[in-house]
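Here is the structure we will look at.
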Amino acid sequence: MSGVRGLSRLLSARRLALAKAWPTVLQTGARGFHFTVDGNKRASAKVSDSISAQYPVVDHEFDAVVVGAGGAGLRAAFGLSEAGFNTACVTKLFPTRSHTVAAQGGINAALGNMEEDNWRWHFYDTVKGSDWLGDQDAIHYMTEQAPAAVVELENYGMPFSRTEDGKIYQRAFGGQSLKFGKGGQAHRCCCVADRTGHSLLHTLYGRSLRYDTSYFVEYFALDLLMENGECRGVIALCIEDGSIHRIRAKNTVVATGGYGRTYFSCTSAHTSTGDGTAMITRAGLPCQDLEFVQFHPTGIYGAGCLITEGCRGEGGILINSQGERFMERYAPVAKDLASRDVVSRSMTLEIREGRGCGPEKDHVYLQLHHLPPEQLATRLPGISETAMIFAGVDVTKEPIPVLPTVHYNMGGIPTNYKGQVLRHVNGQDQIVPGLYACGEAACASVHGANRLGANSLLDLVVFGRACALSIEESCRPGDKVPPIKPNAGEESVMNLDKLRFADGSIRTSELRLSMQKSMQNHAAVFRVGSVLQEGCGKISKLYGDLKHLKTFDRGMVWNTDLVETLELQNLMLCALQTIYGAEARKESRGAHAREDYKVRIDEYDYSKPIQGQQKKPFEEHWRKHTLSYVDVSTGKVTLEYRPVIDKTLNEADCATVPPAIRSY
């Protein structure tokens with residue numbers, strides 16, 4: 001770490017001069033601005049003023065660049081470095097501050113440590129959980145790879161909770177079954193107490209230090225560098241010293257996480273601002289299925305902090321003001337461990353019908369105090385602490401007040417199961433050369449219309465690794481990096497300059513709050529056409545208000561006002577596509593529940609035998625992916641659709657799961 005400390009001293013010594021005469025600081029020739037976490041090397045970099053004399057740009061060249069250093073980004077980055085690729089990792093946060101750290105419940109894999117299990121049963125549950133909007137080839141790949149992925153993490157040193165005989169402990173989780181839904185509740189969720197994400201992220205970070213990856217830490221990625229339909233790297237802002245960097249690479253992996261902060265109440269970190277999703281949009285590429293936003297059933301009432309599904313997996317129950325275990329009415333078999341969309345809607349209905357708890361009757365209770373205190377202390381130690389801090393509740397004596405809270409984005413950047421980003425042209429999927437995506441930023445689509453709990457950490461490691469393997473298959477370390485135009489990234493720098501000196505009438509924080517409240521009010525657990533239409537108008541107006549922003553910090557050193565404004569631009573693009581996609585989808589499927597279109601509209605009516613039915617044309621049913629585009633200059637949203645992939649990778653080994661009516 002001596003290299004990190006040395007660079008910190010260097011930057012601190014120059015900070016005052018940089019603030020006073022920033023444009024001249026970079027004009028002294030070649031120098032390295034970034035660092036490797038282990039301090040072993042500096043990549044060569046050259047300064048040029050080809051874009052602007054006011055904003056000189058530092059140019060770098062790598063075999064591959066990964067944007068984001070959460071679970072997916074780290075796994076992709078060190079997978080590439082391990083294969084010999086000269087790899088950069090650009091992240092606006094230090095890696096262990098990424099939002100992966102907040103995941104609590106666990107990671108699904110059919111290890112069979114608690115009872116007989118099979119990855120094909122996991123495959124079935126995931127397809128069913130997706131409400132048949134998931135692509136079955138990608139789900140096949142993820143669930144088959146899951147056991148090996150968990151064993152790999154164990155070999156990296158991840159300290160999984162253990163059974164008495166030393167095996168990885170696996171808890172029950174929502175939507176998980178045995179024998180294709182006919183064998184009862186599965187115990188498939190591998191965990192580290194209730195801090196699995198924290199453990200996973202630190203394990204991957206520790207592993208990454210073995211490899212010679214160049215980390216650009218606290219660098220904000222502004223845009224992709226696109227040339228002739230190919231991705232050739234990214235342009236980024238160094239938050240610490242205000243320098244601009246073009247990182248040219250033959251392969252670019254986007255792993256920037258979700259965009260939960262489009263909503264007022266969410267479990268996401270304040271840094272979950274959809275940066276990669278917005279970069280894809282500005283590049284003229286589509287995003288997929290952004291209308292599918294998961295509400296986690298158990299966010300702490302009034303605070304929004306996550307209470308893991310593992311609480312219910314360990315035996316916790318949801319109760320209403322009458323003391324009823326109400327999930328028995330809505331999901332007679334799975335009860336409190338039905339899929340998240342089912343539980344969130346059931347809770348909302350209980351509150352609507354007057355059975356909510358508290359003085360306002362606007363939440364329900366999660367009861368844990370019937371469980372043995374030693375079980376709570378061993379399996380749910382973090383939850384006990386969180387409940388006391390944010391709700392003032394001793395979980396051994398009283399229930400936790402909870403309410404559905406925005407938690408996860410099923411949609412994102414469309415990819416295939418290899419992590420390659422797709423565009424849809426003339427009815428056919430086409431790969432975008434040089435561009436990959438993984439993690440919550442991507443939409444493979446393994447989650448479809450609703451993600452099963454504990455499939456997200458699995459998604460990170462499986463598809464982060466898949467991106468590295470795909471690049472290894474198609475490229476060699478040291479391959480020539482395609483050139484970029486001398487002024488590549490010029491628009492990004494112009495936008496940054498415009499925001500830096502924005503002198504309108506609306507603060508960034510005010511506009512962000514208006515957007516978040518509009519999304520919360522108009523695109524929540526239950527949706528209706530008239531409210532969605534009103535929401536579309538409001539978000540479009542707010543998008544137009546971006547040109548009236550006012551920023552206050554004109555400097556370039558740690559200008560968080562500027563960074564938050566750049567993040568707001570990204571959030572707005574995500575919000576537009578989310579609410580317009582939701583308004584257009586005239587059905588209820590998974591997390592998208594329309595009160596004016598209460599049924600799922602498939603190519604057949606699967607509540608009846610399909611023999612004798614005429615298949616609906618593609619234009620008349622909704623079992624299809626939404627592709628959304630935004631004209632960045634006007635905010636106009638354009639929607640297209642692409643078919644769901646029903647075929648698995650090997651039908652003889654893993655049969656397709658045909659659509660059916662979903663019940664738990």
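Heads up, the Cβ atoms here are built off N, Cα and C, so glycines get one too.
Annotation source Swiss-Prot lists transit peptide at 1-42. Sequence annotations record features per position, and here Swiss-Prot assigns FAD binding site to A69, A72, T91, K92, S98, T100, G105, A221, D275, E440, S456, L457. If you look up Swiss-Prot, you'll see H99 marked as tele-8alpha-FAD histidine, on the strength of similarity to another entry. Marked as N6-acetyllysine by Swiss-Prot on the basis of similarity to another entry: K167, K179, K182, K485, K517, K541, K598 (among others). Here Swiss-Prot flags K179, K485, K538, K615 (among others) as N6-succinyllysine. Under the heading oxaloacetate binding site, Swiss-Prot lists H296, R340, H407, R451, A454, citing similarity to another entry as support. As annotated by Swiss-Prot, active site, proton acceptor applies to R340, with the evidence given as similarity to another entry.
Feature map: Swiss-Prot annotations on the structure.
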residue: A69; record: FAD binding site; contacts (Cβ under 8 Å, 6+ apart): A77, C89, T91, L93, F94, P95, S98, Y205, Y215, V217, A255
residue: K167; record: N6-acetyllysine; contacts (Cβ under 8 Å, 6+ apart): L111, N113
residue: H407; record: oxaloacetate binding site; contacts (Cβ under 8 Å, 6+ apart): G260, C266, T267, S268, Q294, F295, H296, G299, L306, R340
residue: R451; record: oxaloacetate binding site; contacts (Cβ under 8 Å, 6+ apart): G129, S130, Q294, R340, Y408, M410
residue: A454; record: oxaloacetate binding site; contacts (Cβ under 8 Å, 6+ apart): G105, G106, I107, N108, F173, R188, C189, E309
residue: S456; record: FAD binding site; contacts (Cβ under 8 Å, 6+ apart): A103, Y408, E440, H447
residue: K485; record: N6-succinyllysine; contacts (Cβ under 8 Å, 6+ apart): E227
residue: K598; record: N6-acetyllysine; contacts (Cβ under 8 Å, 6+ apart): S588
residue: K615; record: N6-succinyllysine; contacts (Cβ under 8 Å, 6+ apart): E603, Y604
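According to DSSP, T91 (FAD binding site) is assigned to a strand segment. In the three-state DSSP reading, A454 (oxaloacetate binding site) counts as coil. When the binding-site residues T91, S98 are scored by other C-beta atoms within 10 Å, S98 scores highest.
Counting only residues at least six positions away in the same chain, the Cβ atoms of W121 sit under 8 Å from the Cβ of K179 (N6-acetyllysine). Of all Cβ atoms in the protein chains displayed, 14 besides its own lie within 10 Å of the Cβ of K517 (N6-acetyllysine). Rounded to the nearest whole angstrom, the C-alpha distance between K541 (N6-acetyllysine) and D275 (FAD binding site) is 21. Closest in space to H99 (tele-8alpha-FAD histidine), of the modified residues given as K182, K517, K538, is K517, taking the CA atom of each residue. Rounded to a whole number, the C-alpha distance linking K182 (N6-acetyllysine) with K538 (N6-succinyllysine) is 46 angstrom.
In this entry, H296, R340, H407, R451, A454 make up the residues listed for oxaloacetate, with the farthest two CA atoms of the set 13 Å from each other.
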